[in-house]
Structures are given as structure tokens and as C-alpha cells.
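Since the structure comes first, as C-alpha cells, the remarks are kept for the end.
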Amino acid sequence: MKWLGLLGLVAFSECMVIIPLRQMKTMRETLRERNLLTNFSEEHPYNLSQKAANDQNIIYHHPLRSYKDFSYIGNINIGTPPQEFQVLFDTGSSSLWVPSIYCQSSSCYKHNSFVPCNSSTFKATNKIFNTNYTATSIKGYLVYDTVRIGNLVSVAQPFGLSLKEFGFDDVPFDGILGLGYPRRTITGANPIFDNLWKQGVISEPVFAFYLSSQKENGSVVMFGGVNRAYYKGELNWVPVSQVGSWHINIDSISMNGTVIACKRGCQALLDTGTAFLRGPRGSVSKIQKLIHARPIDREHVVSCQAIGTLPPAVFTINGIDYPVPAQAYIQSLSGYCFSNFLVRPQRVNESETWILGEVFLRLYFSVFDRGNNRIGLAPAV
């Protein structure tokens, strides 16, 4: 396909869709792999039922596989007949998108791409969307088709087909399936979780993650309820700090009984699409010094022999301590040991905000309850 100035033409067999494209600014050099990555009605509150917490017939378990502890990926199918894609299940974003065969970015040639003409249930639109992540972005257009997550089927699901991608060349997945609250990231697009609930496909507006730290396979995202077999003790419920995202309040972050960050309380996003623990530069720098991490290039290297002597980082949330041991916040890779604490860029005058990624979520089973706008946490088995 040839780009004609600001206008891209995409032909779908007998019909033609005209897609206006605005020129994108050039992005900074893509960070390396370690740096990748309407509200549902409150008028019908419910309590997570005992039935939904135990009955395996009404809870759908969808397998995920770990890619080097950087990403947890699962398969979905789009279209009729189905076309298969590997997607990142991401609580930090809201949009579903996969590459289009009309995408000309280098990353699109490395991943599975959707072929609109091969689906009898496909519906095109002329709506353009842009989605930006920490160091990556995509540009494309909004479409509709049947989307399947295993046995769960969302009919006429809006999603994005990318025409331009920046920073996705080396990722192990084709696209991203956002499980955040609805946002205006794709015009008029309801997230797939909202549609599954509204269409009566799942019994409760709840999903949960068990991210295995032991093996490549064994991780699960479950929809419609909670399986007690994946956690120990009782779930501790934490209200979201602002309806519209999976942010919660943190009381403090401490090591060796001393508060080292979040001294007056702070915010944290529980993000299955982020591998690390990200915080403000000052707080992260203080932690790196405490664990004797030395900056080398863009990483912080720790002595592998010191892991057994370093204290846990304790995140106190809603009055309950959630320790993250050194074996979790330090990662061994190619004979070196790296700190999993990374700096999160902050806006001017923004309050202290952390991102608790997979380092935290591998330790704690997490339940995302849209019906009550809360998150449940318990030690993972």
C-alpha cells in the first residue's frame, strides 16, 4: 500500500474504507525490553457470592504463559472464521487492539495481523484512534467483530486495528487486551470486559489474576468469579482510590522497619502490563542505595551474593503489610542480578504514584471487582 500524503486508503474486497491519517511526531529511541511496558453502572451493587467464589462451572479460567517473567500472554480469536492472536492482558489500559495487514510498521511484519476480508462478521468504521503507553504507541482505526477469549464470546466487539506501531518490534505478543475501566482511548469503544458482562456472558463483573512465578505455564486470568485454590487465607479488599482506574491508596513503603517511601501515603496502580515496581525518581534512588545497587547503563546491578541478606520491601496497604522479598525485587539474568525497582516518569505537581507490576502480582493473587470498585489481595499459592 502506498501512503498518499495525509490520506491512507485501505480496501476491503468489494468495499473501500478511506482513512485520514495525521502525521505522527518521531518518537525517542525505543527503550530496551526491560522498559516495555462509561464506568460500569454503580446502580447495581452486589456482594461477591459464595457461589461465584467456588463454583468452577461459572468461573472461566483462561491460561496465560509467562515470557521470561516480563509478560503474561494469552490467546484470543477474532472474526468468523476465527483468526488467532497472542495478547497481553493488561489492567493498565482499556483498549483491545491487534495489527492490521495494512500496517506498514516493521513490528507488524513480526506479528500476526488481522485480515478483515477473511471475516464474515467484520464491520469497518472511519474512526481513527491513538493509544500511547510508557515508551510505545499505536495509531489505527476502530472496527467491530466477534472476539473470543476461550469459551467467552463478545459479539460486535469494538477494537482497534493498527496502521502504525512504535516500539513494539521486540515484544512477544501481537496486541494488547485492556482490562481497565472504560476510557476515551478508542472512540466509542466499550472494553471487552464490559461487553462480556452486559451481554450476560459472565455471571459477576469480576476478573482475577494468578501469575505463576515457578514456570512458563500455569498462570491464569479468570472471569466471572474467584477460585480459592489459587490463594491462601482470605482476600483483603481495598477500594479503588478513584473510580475509573485500578489505583489504590498505599499507607507507606518500608524496609527494616523504616519508612523509605510513600511517607504521607501515596497512590499505586496494580498493572498486569508492567513487569516491575516503578516509582518516583527520588524514592527509587533511595531504595537503590539501600540495596547497594550500582547504575550500569540503564540498569541497576546488585551483587547476587547479597540477595540472601537484603530485607524485604514492605508495601502497607489499607493497614495490611505486603512484603516483597529480595528474591522478588532482584532478578537474575545472564549471570547478573538486576534491581526490579525502576523510575516512573512523573508529571509536574503530581502526587507520589507507584506502579505495582508483575513483581508484586506474582506474590499476591489479585481480584478486580468492577461491581464494587475494589481490589482483593491475598498471598498466592
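Here the Cβ of each residue, glycine as well, is placed from N, Cα and C on the backbone.
The cysteine that TrEMBL pairs with C262 in a disulfide, picked from C266, C304, is C266. TrEMBL lists a disulfide bond between C304 and one candidate from C117, C337; that candidate is C337. Straight-line distance linking the Cα atoms of D90 (active site) and D271 (active site), rounded to a whole number, equals 7 Å.
A simple way to gauge crowding: the CB of C304 (disulfide bond) has 13 other CB atoms within 10 angstroms, across all the protein chains here. Non-local contacts of C262 (disulfide bond) by the CB criterion (under 8 A, 6+ apart in sequence, same chain) comprise I250, D251, S252, I253, S283, E352, W354. The two recorded residues, D271 (active site) and C337 (disulfide bond), show a Cα separation of 23 Å.
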